[in-house]
Amino acid sequence: MGSSLCPACASCMGLLCSPRPRPLQNLLLLLWTLLSCGSEVSAQGPGEWTPWGSWTRCSSSCGRGVSVRSRRCIRFPGEEPCSGDSHEYRLCQLPDCSPGAMPFRDLQCALYNGRPVLGDQKTYQWVPFHGAPNQCDLNCLAKGQAFYHSFGRVLDGTPCSPGAQGLCVAGRCLNAGCDGVLGSGALEDRCGRCGGANDSCLFVQRVFRDAGAFAGYWNVTLIPVGARHIRVVQRSRNHLALMGGDGRYVFNGNWAVSPPGTYEAAGTRVVYTRAAGLEETLQAAGPTSQDLLLQVLLREPNPGVQFEFWLPGERYGPFQAQAQVLGWAQRQPQLREVEPQPPQLLDSPMARAPTRAPVFQARVLGSHRQAQETRYEVRILLIYKNHSPLRTREYVWAPGPCPCPPLAPHREYLLAVRRLVSPDGTQDRLLLPHAGYARPWSPAEDSRARLTARRCPG
């Protein structure tokens, strides 16, 4: 079968099919084929781009500007144009301009000062005019006059308008993506990755529902290093409180309510708001540079504190370990949502009269199921607050057929219980109701109990 290709093209086809062609060799072969075969080649499909050239110098000598690189489309006669752009623009950031430096657009308008530009010999002094339709045209207002003149496009890298993030490029106002390329539209995902798909971090979303046995500061969650897009909401007369890694409160600490506003903490800005409808919010973009401790200052039973943040996958394990040390139960992260649950409000006398609740540290020696109750034998190790004497060994009763909350033998807990004395004085019992306070003892729980005992003596 005859071939319609000329000898040069036939030899080229053999070379083009050789293994591992180099880009420069490919380009030379295409050019040689085009020159040798002329219009005899019947090519189809799009052309081929040359490699990108180097980036140019920044268009500005200070502040923000643009740098550009270009490429060429090589195609045979009959081929379609290459798909894509021949130029790419990148944001370049230089040291800030000095306070007295003339803005870039003002400088471009000033180039026409004292020059006849309207067909007569009259000259004007020009300043930027920002009320024209196209903000990337060099629209300049004649000083002392009621007209402006457009001198064409502004130079690449000129801000679209005062204070705007967009820059003018080839007559268009473009914003830089997270990749620094103007007009790319690339965005950071919730994990902080440019163009990512939220697959390198975990979304932690929970509701802190512990009702609280007494007024004071209660730990809600640890917000660890690297957390992003932090959001906390609570709706009650209680107050959110935030503590830094150095043990100092960022706001609402030491029983003093701070004003709403923006606070600097852990390398990010924390926006704290308090609305008239008793709603409080805390928001921070992150990432945090150190651990933060979120607390709630209880003044009334806790209806729930909702919190969420995104955490790098490799930091979730250490976060769980730290949370467990602080006495919080280990839980798995929620992917998206938390199932709404009715808030558990305290209805016990302990909630209405917290100073009457014995609060102590105890070691569980054993438990015994008795009818519809569970009896725990405990050894009292430290008493924080009490109205009547406690023996070294006491019995704590939990109502119901199952021990709730369960207390493990040979472990130490911080307990806040109810003391029930019968009218005739024959029975004196320590009762741990379902809404009672029983948390594994830890230094953090000890500090909180001591603070509460000091603030609420008796």
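Please read every residue number as a count from 1 along the shown chain.
Cβ atoms are placed via backbone N, Cα and C, with glycine included.
The feature disulfide bond is assigned by TrEMBL to CYS58-CYS92, CYS62-CYS97, CYS73-CYS82. Per TrEMBL, domain 'ADAMTS/ADAMTS-like cysteine-rich' is recorded for 104-201. According to TrEMBL, the domain 'ADAMTS/ADAMTS-like Spacer 1' annotation covers 208-312. Under the heading domain 'Netrin module non-TIMP type', TrEMBL lists 359-450. The signal peptide feature in TrEMBL is assigned to 1-43.
Features per TrEMBL, on structure.
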residue : record         : Cβ neighbours (10 Å)
CYS58   : disulfide bond : 18
CYS62   : disulfide bond : 13
CYS73   : disulfide bond : 16
CYS82   : disulfide bond : 17
CYS92   : disulfide bond : 19
CYS97   : disulfide bond : 15
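With DSSP classes pooled into helix, strand and coil, the tally for the domain 'ADAMTS/ADAMTS-like Spacer 1' (208-312) is 0 helix, 58 strand, 47 coil.
When averaged over the domain 'Netrin module non-TIMP type' (359-450), pLDDT in the model lands at 79. On the backbone, the CA of CYS62 (disulfide bond) and the CA of CYS92 (disulfide bond) stand 10 Å apart. Recorded residues CYS82 (disulfide bond) and CYS92 (disulfide bond) have their alpha carbons 28 Å apart, per Cα-Cα distance.
Note: the CA-CA distance between CYS92 (disulfide bond) and CYS73 (disulfide bond) rounds to 26 Å.
Distance between Cα atoms for CYS58 (disulfide bond) and CYS97 (disulfide bond): 14 Å, as a whole number.
Taking the Cα atom of each, CYS97 (disulfide bond) and CYS73 (disulfide bond) are about 38 angstrom apart.
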